[in-house]
Amino acid sequence: MKGKIVYLAAVSALGTAGALSAFAPFAVCALLLLVLLTVILQKNVLLAIMLLLAYLIFFFYSGWYDSQNISLEQGGTAADVYSLTSIPRIDGDSFRGTAENQLGEIFALSYKISSIEEQSALKKLIPGTRCRISGSYEPPKSPSNPHAFDYRNYLYSKKIHFILRITSIEGCSAPSHFSISHFRHLGISHISRTFPENSRGIVEALVYGERYHIHEEVSKAYQELGLIHLLAISGLHVGILLGAVYYLLIRSGMTHERARILLLIILPVYTLLAGGAPSVTRAALMAGLYLLLKILGKKLSAADVIGLAFILMLAADPYSLFHAGFQLSFVVSFVLIVSANIVNEGGGSFWIQSFKVSLISQIGSVPLLLHHFSGFSFFSMFLNMVFVPLYSVIILPFSLITVALSAAFPSAGDLFVYVLDKLIFLTNSGVLKIAGLPLFTIMGKPHPILLFLYICLSVLLLLSAEIKSRFLGASAALLLASAFMLHYHLEKFTNTGEIVFLDVGQGDAIFLRAPYGKGNYLIDTGGTLTFQQEEWRRKNTQYSIESSTLTPFFRSKGIRKLDALILTHGDMDHMGEAVKVLNSIKVEEIIVPKDFARGELEAELLKEALIKNIPVKTVSRGEVLSGKYFDFYVLSPEVSSDSKNNDSLVLYTAAGGKRWLFTGDLENEGEKELMLKYPKLKADVLKVGHHGSRGSTSDEFLNHIQPLTAVISAGRNNRYAHPHSEVLDKLKKREITIYRTDSDGAVEFVFQESNGTFSVHPPYDAVYPK
C-alpha cells in the first residue's frame, strides 16, 4: 500500500463529508471519479475496492458518530456539581469557560461576577476544579446575520448543546490529582505574571497555543496579512522543539533508539500542553509516526505519513474535517510535501527557496482562505518570506528559552523578558502599520462554483510545475488571475441588489447595495450603550458592533467602500460605531440631518471626518440624494426641535418594485408633521420608528402610509421592552407582515429589477409569531 494511503485519506474525507454535510451527491460523484481514474490509469482493481470500502466505512462511522452527539438535558434550570474542563476566562465581571456534569456532558459557562472578592476567588480556579453551580440552560444562538460566525455549530462540533447561565457558583474544591491541563494552566499563569501586557499574548500563543490575551487589533492585522499561522503552534514549532530535545538527548549520551522512544512519550504530552489544536496535533502525529517507523525500521513516503495522520485524526473526530485550522494545516503541508521537488529544484538562495515555499503555500491555501475568512492579501507571500524566518529563527526559540529561564532563574530571565518584549513590540508595530496600508486584497465569500474553480486551477498550477509543462502552467496561471480579477470586480457583474436590516442588538444598521456595483450605502451603524462602572468590572476586550458584525458582513460581501454613510441622528444606538466604521472601510461621503451636531458623539465623528478628509453633507426636507441607482428623498427634518428623535433623517426610496420609508427614531409628533407635509405619502415597507416604541407608529400614521410590511430593529430582551405590544397589535390588526431583528435576526431583501424576496436569519429555531 506504499504511496496509496493518500488515496484512502481522500475517500475518508469524502465519506465523512457525505455523511455530515449537504454535499453527499458531490462526495459520491467525486468518489466514483477517483475510483474510475484509479482503475483506468493504474489498472489497480484491489485499490479501487479498498477505496470503496474506506468510503463506506467513514460514511457509516461518521453518521453513527453524529447520531451519538445528543444532549440528555431538556433545558430549564440546573443545580448540580460540575467539573471545569477548561481554563476559566475572566474579563472584568465576565466569567466564561466549559464544565462537565456528573454524567460527562459538557456545557459552556457564562456568569456575571457580583463582586471584586468573588472575581479574585474565581481567578484561582483551575481545570478539574469541582463546583456546585446553579443556573439555567440556554440553547446557543445560530448566526443572526448573513455569513456570520456560527457559534451554535461550533459548540455542536465540541459536543456542547447548551450554555449554562450561572446564577451562583460555590463550594469549589481543587482537583484531587495533578494533570497536564493543570500544568498548562500554571505555565500560562507564569507568562501572564512575568511578561508585560504587550508581549504576553504572543508568548502564550507560541509556547502553549493560547491566543486569548493577544490584542484584538494585533490578531486582526496578522489575519488580514495572512500571517496568523505564525501565532499557531504548527509543524515549525514541533520540529524546532523536537530537534532541540533530540540534540540534547544525543549529546548527553543517550542512544538514538532510546531518544526516539523518549520523544514518542513526550509528543502526546506536548500536544496537550500546547492546547491540542489541529495544527499541533497534525504535526505531533506526523512526527510520532515518523519516529515509530524509524524504530520499527519501516519506510513510508511523507505523503503517506500525512495521509495516515489525516485518517487517524478524522477517525478520532469526524467534525474536524470542517475546521478551518484542520483543513489549512493538512492542505498546506500536503501541497509542500508533493511540491518538494519544485522547492529544491536548482538550489538557489535562501530567499528564492522562501519565495517558492510562500508561493506554493499561498496557491494551496487561497480557496480555503476565501471560503473561511472571505479574503486574502496578495502581499502575504512576500510578507511570509520575512516574518516566517523572523519567527522561526528568532522569536520562537527566544520565547522558549526566555520562558524556561524566567521560571528557573527569575532574576536572570528579567533581561531576556525585556529584550523579547521590545522585539515583539517592534514586530507587532510593523504588522499594524503594514495592515493599515491600502494593499491589494481579494474580498468576498465566493460562490460554490467559483470556489470549485479556484480549487481546480490551484491544483492545475501546482501540477504544471511538477510535470514541467509551461503551457499548462501559463494557462492555469492566466485563468487563475482572471478568476481573481472577476472576484475582485464581482459586484459590477451582479444583477441583483439588496437591502439588509442587520441584527445589531438595540439599534439600527441598514445596508443597501445597488445592482451592478452602482452604490453601497449604510444607514446608521448601531452602537452599544455604556454605563459608568467600577474599575474591576471593566473588560479589557470591549464588544464592538463594527468588528463583530459590520466589518465581517462587508468583507463577506466583498464591499470595499461605502458611497455614503447616512446617519439619521446622534443617538448612540444609531451612530455609536460611526468612527470605527470610518477607520475600517473607505467612506466617500457622510450624510447627516440639519442641526446634527448636538453632543460629544457627533463632534467626535465630525472631527474624524475632517482628519480623513471625508465630506459631510447636511440635508433637510425637500432635498434629493441622487445616486447611480438609488434616489433618496429627504422628507424630514425641516426645522430643528428639542427632540433628536423627531429630528431624525427620514428617507424615502424605491427598490425591487417597492416603496421604502426609513424613519430613524421618528415619534408621533414627527409622524404628524410628515403626514401634514406629504398628504399622499404611501410606503410598501416601513422601517418602524424608534424600535417599535409605543411613542411611535400611531394609528393615524399607519392608516396614512398603508404599509404592507413593517421591519422593527430591536435587541433581544432589551431593557426598554421594545417593540411594545401596543405597536405589534396595531400592525397585526392591519395584517401587516412584521419582521423583527430580535426574533428573526437580520432581515434581507434581495431584488432584481421590480421583483424581490424577503429572508431572515433567526437566532433560534422558534421565532415569535408574526
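Placement of Cβ uses the backbone N, Cα and C atoms for every residue, glycine included.
TrEMBL annotations: computationally assigned, not manually curated.
What TrEMBL lists as transmembrane segment is 6-37 (among others). Remote same-chain partners of the transmembrane segment (6-37), defined as residues 6 or more beyond its termini with a Cβ less than 8 Å from a stretch Cβ, comprise 47-48, 50-52, 54-63, 66, 303-304, 306-308, 310-311, 314-315, 318-319, 321-322, 334.
Residues or ranges marked as transmembrane segment by TrEMBL: 44-64 (among others).
The list of residues near the transmembrane segment (227-249) in space but at least 6 beyond its ends in sequence, with Cβ under 8 angstroms from a Cβ of it, reads 202, 205-206, 209, 211, 214, 219, 258-260, 262-263, 266-267, 270, 274-275, 277, 279-280, 282-284, 286-287, 325, 328-329, 333, 380, 383-384, 387-388, 391-392, 396-397, 400, 431. Look at TrEMBL and you will find 227-249 (among others) tagged as transmembrane segment.
Under the heading transmembrane segment, TrEMBL lists 261-280 (among others). Beyond the transmembrane segment (261-280), the same-chain residues lying 6 or more positions past its ends with a Cβ under 8 Å from any Cβ of the stretch are 180-181, 183-184, 187, 208-210, 229, 232-235, 237-238, 241-242, 245-246, 249, 254, 287-288, 291-292, 295, 313, 320, 323, 325-326, 328-329.
Panel annotation: around the transmembrane segment (300-319), residues 2-9, 12-13, 16, 19-20, 58, 61-62, 65-66, 157, 278, 281-282, 285-286, 289-290, 293, 326, 330, 333-334, 337-338, 340 of the same chain, lying at least six beyond its termini, place a Cβ under 8 Å from a Cβ of the stretch. What TrEMBL lists as transmembrane segment is 300-319 (among others).
Under the heading transmembrane segment, TrEMBL lists 326-344 (among others). Remote same-chain residues near the transmembrane segment (326-344) are listed as 6, 229, 234-235, 278-279, 282-283, 286, 302-303, 306, 310, 313, 320, 353, 356-357, 360-361, 363-365, 368-369, 372, 462, 465-466 (criterion: CB distance under 8 Å, separation of at least six residues from the stretch ends).
Sequence-distant contacts of the transmembrane segment (350-370) (same chain, at least 6 residues past either end, Cβ-Cβ under 8 Å): 226, 324, 327-328, 331-332, 334-336, 339, 342-343, 376, 380-382, 384-385, 388-389, 442, 444-446, 451, 454-455, 458, 461-462, 487. Residues annotated as transmembrane segment in TrEMBL: 350-370 (among others).
According to TrEMBL, the transmembrane segment annotation covers 382-409 (among others).
Sequence annotations record features per position, and here TrEMBL assigns transmembrane segment to 448-465 (among others).
The transmembrane segment annotation in TrEMBL covers 471-490 (among others). If you look at the transmembrane segment (471-490), the same-chain residues 6 or more away from its ends with a CB under 8 A from one of its CBs are 370, 442, 444, 446, 450, 453-454, 457-458, 460-461, 463-465, 517, 558.
Per TrEMBL, domain 'Metallo-beta-lactamase' is recorded for 506-716.
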The transmembrane segment (448-465): which same-chain residues, six or more beyond its ends, come within Cβ distance under 8 Å? 335, 338-339, 342, 360, 363-364, 366-367, 370-371, 472-473, 475-477, 479-480, 483, 486-487
Given the model, what does the mean pLDDT over the domain 'Metallo-beta-lactamase' (506-716) come out as? 94
